[in-house]
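First comes the structure, then the notes that go with it.
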């Protein structure tokens, strides 16, 4: 009896010691790993303080590019091209085909896509095919080291007819805000975006970071969210709600948020007239086609790019030339004589993106076009960076070093 009592006492002592050790471990060694100081610093400047490590790294590495390289991007690069793919055709695209790669030997560093087929009130098997195709092309771009950015040509949620005001002149912005008649329609669209974003998983098992650029070119009149179709506060509230609902309510933590007016400003005050605020924007962009035409002085586009880049630099944002180009590259020297000097602005953009090639039009030249040699010269210049020329953007590092 005495031996049994002693044995029980010893077991109790051992049990208490083990339990005490486990409790200690649960408060230290078994606790969730704390983010590194570098990751904490990267997140501090972001709209989303809970951004995934890859998303925070992308932001930090884009900011570190300033003054050294400008990433080259192309809308729909592997989705369609000059003469080889049409929109909304339920057929596969040639694997890895790229008009940029065909001419330069390299993919772009930035791939532009759009969410219109994800959240745009389209239905049917062709749309479902487009969703699956877009998902795969986004994953492919990430797996080869590219950066994905999405705009949103969102059909008017009130009329559900078109994104363009001329085709659907129905005021919508105020109706989408909390308390508005179509607020739930809008939040349902954001839920579709969130579900899609969280389905973008790379070969490394990580959720793919996206630069999301909603409600762009708001200083024009062509979209239903344009300056003549809503007040500045209404537009700002729409953008702000989009960010907070995706980030806080739907827990999307893989987005950098980009804001990009068109070229309709001459000073910083005009530039920021509809700016949603630093708390809602990571990338300050500029969409500029008109000022890069051959008949416009180069200084016009340069001055506007500097306004954007200076603001971004002062406010810890990434600057970008989010859309540009010359349709059908009608000036054979456009890339080296017009775009390249603009990209060299100090401070300048971290990336630029030209618009999508299609069956009958193009913004990067085909192989046999007179502008193709100039495009290759542009690609070989030390300033533009194409796919595979820089280290991974999804890993935090002390500094970016060019491999070009």
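Just so it is clear, glycine is given a Cβ too, placed from its N, Cα and C backbone atoms.
As recorded in TrEMBL, the features of this protein are as follows:
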- 217: active site, proton donor (ACT_SITE)
- 323: active site, nucleophile (ACT_SITE)
- 153, 222, 289: substrate binding site (BINDING)
- 53-381: domain 'GH26' (DOMAIN)
- 1-31: signal peptide (SIGNAL)
By CA distance, which of the recorded positions (153, 217, 289) lies nearest to the residue listed as 'active site, nucleophile'?
-> 289
The largest Cα to Cα distance in Å among the residues 153, 222, 289, listed in the record as binding substrate, is 18
So around the substrate site, 153, 222, 289 aside, which residues have their CB within 8 A of the centroid of those CB atoms?
-> 216, 217, 220, 223, 262, 287
Summarise the model's confidence over the domain 'GH26' (53-381) as a mean pLDDT value.
-> 97
Determine the most Cβ-crowded residue among the active-site residues 217, 323, using a 10 Å radius around each Cβ and all protein chains in the structure.
-> 323
Around the Cβ of residue 289 (substrate binding site), other Cβ atoms within 10 Å, all chains included, total 17
Once DSSP output is merged into helix, strand and coil, residue 323 (active site, nucleophile) belongs to strand
Residue 153 (substrate binding site) and residue 217 (active site, proton donor), distance between Cα atoms, whole Å | 11
